[in-house]
Amino acid sequence: MKFLTTGLLATAALAAAQEQQVLQAEDGMGQAPQRGSSIFDETLQKFQSSLEDGISHFWSEMKTNFKDYLPLISLPKKHTRRPDSEWDHVVRGADIESVWVQGADGEKRREIDGKLHNYDLRVKAVDPSKLGVDAGVKQYSGYLDDNDADKHLFYWFFESRNDPKNDPVVLWLNGGPGCSSLTGLFLELGPATIDKNLKVVSNPYSWNSNASVIFLDQPVNVGFSYSGSSVSDTVAAGKDVYALLTLFFKQFPEYATQDFHISGESYAGHYIPVFAAEILSHKNTNINLKSALIGNGLTDPLTQYPQYRPMACGEGGYPAVLDQGTCRSMDNSLERCLSLIETCYSSESAWVCVPAAMYCNSAILAPYQQTGMNPYDVRNKCEDMASLCYPQLNVITEWLNQKSVMQALGVEVESYESCNSGINRDFLFHGDWMKPYHRLVPSVLEKIPVLIYAGDADFICNWLGNQAWTDALEWPGHKKFAEAKLEDLKIVDNKNKGKKIGQVKSSGNFTFMRIFGAGHMVPLNQPEASLEFLNRWLRGEWH
């Protein structure tokens, strides 16, 4: 996850000038954000009288620093769309939407719910021998197209290595916002990694060992995805994910009958409550959603931000990164930070949520980032900030940018990048960063189990914060869950049986795990442990 700091004030998106809708309201984004200071002046004048003095001052500074010709949304990627004739399958959402059936009550209804007429799904059967990635495993890649909005989401599907006719299906989402899920594929939990010589190396701990896995580049303009428009908030992105899954399972009904689980890490702590709620809101669907998994996520900033100081100052199980003076400074800044987040929670307006993110990230996160330590792993220095402290991302990017790879996958953009900073900025300046998406979790828990897991060496979405928000969440099982004690989590599935890999607590449909010796990306640091808890979770343990 990339956290922007106040150094990006001058690049604020005018998207924030449009009032945001409260959570669960209808999506009313209106026209695309414009360039220039005139609309900024007009909108600022409209809202400034209702803002607190500090927040009003923030936006006044924005106006002063604003540049007329600054790009205000992430720029579209160069691309060439392949004709439908080059794809093995094309699924039309309009065809699905036109199918009506007779319900149990005798009334006619659509077979599958949702607005789908504007979506198509293009599918290519990938030849594993051309890429050397999990040879012998059935694979598909392609694009979900929103033809009305000119949006095109790339996906790559791997069938289970074990028993694909019966094994569950898992969707994997990386965070950012703006980071490609193909980084998760090749850096963390996919069937292969890429070595420094650009050779494909098999991963024995891949999550498709006992499940079929879909890696999705979302929102648009992330990874191999592209668009002439943009998505700048989590709710809008959820509509696309629902459409992708619906059309994919329509094309491949053999997977639709199996259990489906949605998973991800980092900013997926925002995505997954919204995406799961979107899927569960549809009564008639072909998505057999059974659970949700969030790894080292940002879900409830109001509860998580107070835990940054303890994690950085030696109270999270690892030596302190910051000196006592800096720790005291973070303590002194916390009250103002939490006040701003509370105001954001109350209004869910970009006018107050953006200042909350900017102030808190500057006062609470920046002191750690200035040390040169890896924000994703408190044990290590940051090797290369340009590659998010993981130089292997450069190798993965180089491999994915090979013409032979792009041709084999049916890619339509000219180049791949692991993370798009423009998307990160767009979400931040739409106020999405600090919004209370955790409020959707109780309704999700009513219908499916949820697992929150956290590597305990991560700073940026640390285990202390994730434990805190899960304990604080208001839901019918709150008291029992909060009172439950962490118990040892040990390996039971292989030759290392009995090895302690973490701690776990569970009550009702809610489970929290602390994974020892893992940073932000648990499958990267502890691949054996991650596959262990995944397999057991998919089998129904802890729920």
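Positions of Cβ are set from backbone N, Cα and C atoms, glycine also.
Over in Swiss-Prot, the protein carries these features:
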type	residues	note
SIGNAL	1-17	signal peptide
DISULFID	Cys179-Cys419	disulfide bond
CARBOHYD	Asn210	N-linked glycosylation site
ACT_SITE	Ser266	active site
DISULFID	Cys313-Cys327	disulfide bond
DISULFID	Cys337-Cys360	disulfide bond
DISULFID	Cys344-Cys353	disulfide bond
DISULFID	Cys382-Cys389	disulfide bond
ACT_SITE	Asp458	active site
CARBOHYD	Asn509	N-linked glycosylation site
ACT_SITE	His520	active site
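For Asn210 (N-linked glycosylation site), the spatially nearest entry among the disulfide-bonded residues Cys179, Cys313, Cys337, Cys344, Cys353 is Cys179, judged by CA separation. Counting only the Cα atoms, the space from Cys327 (disulfide bond) to Cys360 (disulfide bond) is about 14 angstrom. Sequence-distant neighbours of Asn509 (N-linked glycosylation site) (same chain, six or more apart, CB under 8 Å from its CB) are Leu445, Glu446, Ile448, Pro449, Val450, Gly477, His543, listed in sequence order. Its Cβ taken as reference, Cys382 (disulfide bond) is surrounded by 18 other Cβ atoms within 10 Å in the chains shown. Between the recorded positions Asn210, Ser266, Ser266 has the most other Cβ atoms inside 10 Å of its own Cβ, all protein chains included.
Taking CA atoms as the reference points, Cys360 (disulfide bond) and Cys353 (disulfide bond) are 11 Å apart. The Cα atom of Cys337 (disulfide bond) lies nearest to that of Ser266, taking the recorded positions Ser266, Cys389, Cys419 as the candidates. His520 (active site) and Cys389 (disulfide bond) are 12 Å apart (CA-CA, integer value).
DSSP assigns Cys382 (disulfide bond) to coil in the three-state reduction, placing it in neither a helix nor a strand.
The CA atom of His520 (active site) is located 5 Å away from the CA atom of Asp458 (active site). The sparsest Cβ neighbourhood within 10 Å, among the listed disulfide-bonded residues (Cys327, Cys353), is found at Cys327. Looking only at Cα atoms, Cys313 (disulfide bond) sits nearest to Cys382 among the recorded positions Ser266, Cys344, Cys382. Close to Cys344 (disulfide bond) in the fold, though at least 6 residues off in sequence, lie Val352, Cys353, Ala356, Gly431, Met434, Lys435, Pro436, each with a CB less than 8 Å from its CB.
In this structure, the C-alpha atom of Cys382 (disulfide bond) lies 13 angstrom from that of Asp458 (active site).
Residue pair Asp458 (active site) / Ser266 (active site) shows a Cα separation of 11 Å.
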